[in-house]
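Visitor: Features from TrEMBL:
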type: DOMAIN; residues: 30-454; note: domain 'Major facilitator superfamily (MFS) profile'
type: TRANSMEM; residues: 28-48; note: transmembrane segment
type: TRANSMEM; residues: 68-87; note: transmembrane segment
type: TRANSMEM; residues: 99-117; note: transmembrane segment
type: TRANSMEM; residues: 123-144; note: transmembrane segment
type: TRANSMEM; residues: 156-175; note: transmembrane segment
type: TRANSMEM; residues: 181-201; note: transmembrane segment
type: TRANSMEM; residues: 263-289; note: transmembrane segment
type: TRANSMEM; residues: 301-321; note: transmembrane segment
type: TRANSMEM; residues: 328-349; note: transmembrane segment
type: TRANSMEM; residues: 369-388; note: transmembrane segment
type: TRANSMEM; residues: 400-419; note: transmembrane segment
type: TRANSMEM; residues: 425-450; note: transmembrane segment
Amino acid sequence: MKILMRADTHYSIAVTGAYEPKYTFSQVLAAIAVSMGSMIIGFSSGYTSTGLVTMKNSTVISVSKEQASWIGSLMPLAALAGGVIGGPLVDYLGRRRTILLIAPPFCVGWIVIAIAHVVELVFVGRAICGLCVGVGSLAFPVYLGETIQPEVRGTLGLFPTAIGNIGILICYLAGTYLDWSALAFLGAAMNIPFFILMFIIPETPRWYISHGRMEEARKALQWLRGKNCDIESEIREIAISDAEAQADNASIRDLFSIKYTKAILISLGLMAFQQLSGINAVIFYTVTIFQMSGSSVDENLSAIIVGIVNFASTFVATALIDRAGRKLLLYISSVTMTITLIILGTFFYVKYQAKLDVSDLGWLPLTTVMIYLLGFSLAFGPIPWLMMGEILPAKIRGSAASICTAFNWLCTFIVTKTFQNIVDAISAAGTFWLFGSICFVGLFFVIVCVPETRGKSLDQIENKITGREEKPRTRRLSSIANIKPLPNGC
């Protein structure tokens, strides 16, 4: 029989034997509820790929090539601002309430797009949605990082990415049959289940404790861990961690403290390589890329296939991340993206610069993009967001996550807004070679800088990154109360 003792808010095995993570219904429901917001973000990202095609051919609205690029890039630009305001919101309003509050404006933004008769209204709608995207993309990983047990945090922490990819797939599928206006109405309707599910789940225990609401924290943690689980030692651990973080008030200067710089720079680096890999150029302009390539496969069908691969590949990462670890998956992801982008760039070079006949290779663009997305979704898609919630120290988590999220969306805006300009300047071949080179550099960044966080509690990760000497947790706990053994199955 296994006897588990709570230590540093994660499980350790007192009797030899393999530990089997416990997926409580409550934790899975919390992950799904939060991830419904990611589905809307995914839908927002994929919207321009199919929506812009019908918008350009619409008799209701007139869209120029430059305006089309702004429709694609306004969402990440507004998300940058959302990332900035999201940090204070999650700290003062709470993680859950912040997520809950983005649903109504998200719905309004989509309705504005749906009823637009001039392109300026589309701009307004995309900007509103973008603000919600920025706030949500910051709040989701923070919420999950503080509510899910370390042993299953990798798997359940990937739910936002997996369900976000469902949003992209839904957009590609629906975009085959719906025009830009009906597609926007669908985006508005997707907020309803998201809003309802967020009412069911609790605030994070850590946030309650940081605001002196111990009884509510206890109820929230009991709900998350299951009614038969002894939560006393974990609640004490969270209280100790919060007390240490609150010992001296966090300030803007703390963000620039040498002690916290490493964690922030690692998170910023992962965000940069995630976006400079060109992923959003591929997602936002999937149909356009296949039109440019002259692929033998219909561009709308290609987009749907890409969406399916993007969705399915995340489940591969979900199955592997708590077994293989973050770093190994990041290695595989970097190498896969580098190779496929180089091949795709070579295809465009042979077709347009060398002007050779590539009609027999019409299958190649779709195949390389599929493998590229498989590699991206395996690690560089979900892991930067997952690790943002893991490696940022508790004292600066809200404000630092705000900076990292804003930086991510700044990179997204730069890539999506300049994609067509870069293609015009250095050709499609040069553009994909550029993205491939960045992915190759990202491999070395992961090797040298990124720590492994698999199976570690937030406190352990913080101690390692900040270089803080960790006192024996059992000694610290014993000064408050004896550690209680957990009942079997908890």
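Cβ atoms are placed via backbone N, Cα and C, with glycine included.
Since we're looking at a predicted model, the values are computed, not measured.
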Visitor: Have the transmembrane segment (28-48) and the transmembrane segment (181-201) got at least three CB pairs under 8 Å, pairs 6 or more apart in sequence?
Guide: yes
Visitor: Does the transmembrane segment (68-87) come close to the transmembrane segment (369-388), meaning at least 3 CB pairs under 8 Å for residues 6 or more apart?
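Guide: By the criterion, they do not touch.
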Visitor: With pairs fewer than 6 apart in sequence excluded, do the transmembrane segment (301-321) and the transmembrane segment (400-419) have three or more C-beta pairs that lie under 8 Å?
Guide: no
Visitor: Mean pLDDT for the domain 'Major facilitator superfamily (MFS) profile' (30-454), rounded to an integer?
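Guide: Reported value for the domain 'Major facilitator superfamily (MFS) profile' (30-454) is a mean pLDDT of 86.
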Visitor: Given the cut-off of 8 Å on Cβ pairs that are 6 or more apart in sequence, determine whether the transmembrane segment (99-117) and the transmembrane segment (301-321) share at least 3 such pairs.
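Guide: No, these stretches are not in contact.
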Visitor: Hey, which bits of the same chain come close to the transmembrane segment (301-321), Cβ under 8 Å, at least six residues off its ends?
Guide: 46, 49-50, 154-155, 157-159, 161-162, 165-166, 168-169, 171-173, 175-176, 282-283, 286-287, 290, 295, 329, 365-366, 369-370, 373-374, 376-379, 381-383, 386, 454
Visitor: Which residues of the same chain, at least 6 past either end of the transmembrane segment (425-450), have a Cβ under 8 Å from a Cβ in it?
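Guide: Result: 265-266, 269-270, 273, 276-278, 281, 292, 326-327, 330-331, 334-335, 337-342, 344-349, 352-353, 380, 387, 419.
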